[in-house]
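According to TrEMBL, the protein carries these features:
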BINDING   H142, H147, H182, C183, H191, M196, H337  Cu cation binding site
DOMAIN    398-486  domain 'Cytochrome c'
Amino acid sequence: MASCSKKPIHMETEIKIYSKNGLKYLFILLMGSILLSCNGGKLEHQNYFSSSADKYANIKIFGEEQAVLTSPPLVPPPVGNRPAKKLYMEMEIIEKEAEMADGVSYLYWTFGGTVPGSFVRTRVGDLVEFKIKNHPDNKLPHNIDLHAVTGQGGGAEASFVAPGQEKTFSFKVINPGLYVYHCATAPVGMHIANGMYGLILVEPEGGLPPVDKEFYVMQGDFYTDGKFGQPGLQPFNMQKAIDENPDYVVFNGSVNGLNGENALAANTGESIRIFFGNGGPNLASSFHVIGEIFDKVYVEGGSQINANVQTTLVPAGGAAILEFVADVPSNLVLVDHSIFRAFNKGALGVLAVSGEENPQVFAGEIMEGIYLPEGSVIQNMPKSELEIEAPTDLSKADRIEAGKKLYMQACFACHQSNGEGVPNAFPPLAQSDYLNADVNRSIDALLYGLSGEIEVNGKKYNSIMPAQQLSNEEVANVLTYVYNSWNNNGNLVSPEMVKNRRK
């Protein structure tokens, strides 16, 4: 070609090259190059996005078995190295009334009778035959949308089922990860807000690395006519849900979902994996474990792993896998670190770790002293600024009722809704010898706070209780509730008794 020639290119030559035939020739070359490059790019694009589906969708099935489903916080056994199989699973939808908090009940809509619903564990390439049954006593139709399913509505359309009916549909799991499932029947938000969500795990080939303990935890936000702690059966409030203003934000369906007898348990030195999901329907979760750092976080339940994470953000309808080792004995506190949700709306749970101390990791308190800068005093709100109510002639039953509501707003986070406190941190109020021995001492603790070592039921505690800015009526009510709960001595505390203790 002329451009490769070592001879000088003259004007006449250029004119010949750019003749009509020359232009046609260049145009053909140019278009061919473009078409080839576009086609190649298209093929490369297709291969990139279809490779994952092609790889796992074509995995051969070896045998079949009935899938094991578990209620929270339990998790089915790991899949290990087993080949892909055909799995049969059944899930029953149950509408049932259950406890939201002490004295508070709620009509939950559930998968498998629990909130969250049953945990589903599979491995990539499994073929699932899923039967969903709507109990005949239910009032509404339901379905299931599994985020792990590639297909119309995640299975929602194929699984739509009326009360007293059942549906069976099939799908193959082709993307490893941890996924949310939920009801997708209109109004979708209402079905999810009533507890219709759970998790499905799709393990990679060869399974996840083994750990000592696995737990299943989900967060959800609930919207009720009554405020937090208001007793009785609380109906769903649609306007609060639309406004995204929940009365409860809880783990595993209730304020006590991970507290008291429902607390998680592990031993020092054990590796722990938490499958954490957020059912929503509205709020994202700032999930944190007080006293631990996550060694690994499978971000949003996918393949990306972050290390040494303090708090992980989990969106509504999302999930994460969290791993860490319990190094020292303690009561690890699970919270949504949007912190008022934890201490005022219920997003708080306990993982009790037992075992030998490890002072190299945590030595605990090594010295105690008093710090009082010059001129400092304990701050108390002046009486004139307190919201002191006019004395009312309440019956004992009325004081107990009012006190319970206040307790659930101000006291339960530390002392727990069952009055058992948090071991080694906050003393119990249930059957408390310290409490029952001296009612005036109890009044003083609320009015002026309490610090220093005390002994309750044979165990020593050394924490700080701040002074509570409560009126005489409020102090009388909450103490009357405490004294008449959990096998305490039944004292009736009056506003006059509280007034007499004020300095």
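Any Cβ shown, glycine's included, is placed from N, Cα and C.
Just so it is clear, the model here is predicted, and its values are computed rather than measured.
Annotated features taken from TrEMBL, shown on the structure.
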| residue | record | DSSP (3 states) |
| --- | --- | --- |
| H142 | Cu cation binding site | strand |
| H147 | Cu cation binding site | coil |
| H182 | Cu cation binding site | strand |
| H191 | Cu cation binding site | helix |
| M196 | Cu cation binding site | coil |
| H337 | Cu cation binding site | coil |
Inset, instruction - Sort out for me which one of H142, H191 has the most neighbouring CB atoms within 10 A, since those are the binding-site residues we care about. - result: H142
Inset, instruction - Would you count the other C-beta atoms found within 10 angstroms of the C-beta of C183 (Cu cation binding site) for me? - result: 26
Legend entry - Integer mean pLDDT for the domain 'Cytochrome c' (398-486): 89
Legend entry - DSSP-assigned states of the domain 'Cytochrome c' (398-486) in counts, ordered helix, strand, coil: 44 helix, 10 strand, 35 coil
Inset, instruction - Let me know the most crowded of the binding-site residues, choosing from H147, H182, H337 and counting other Cβ atoms within 10 Å. - result: H182
Legend entry - Cβ neighbour count (within 10 Å, all chains shown) around M196 (Cu cation binding site): 30
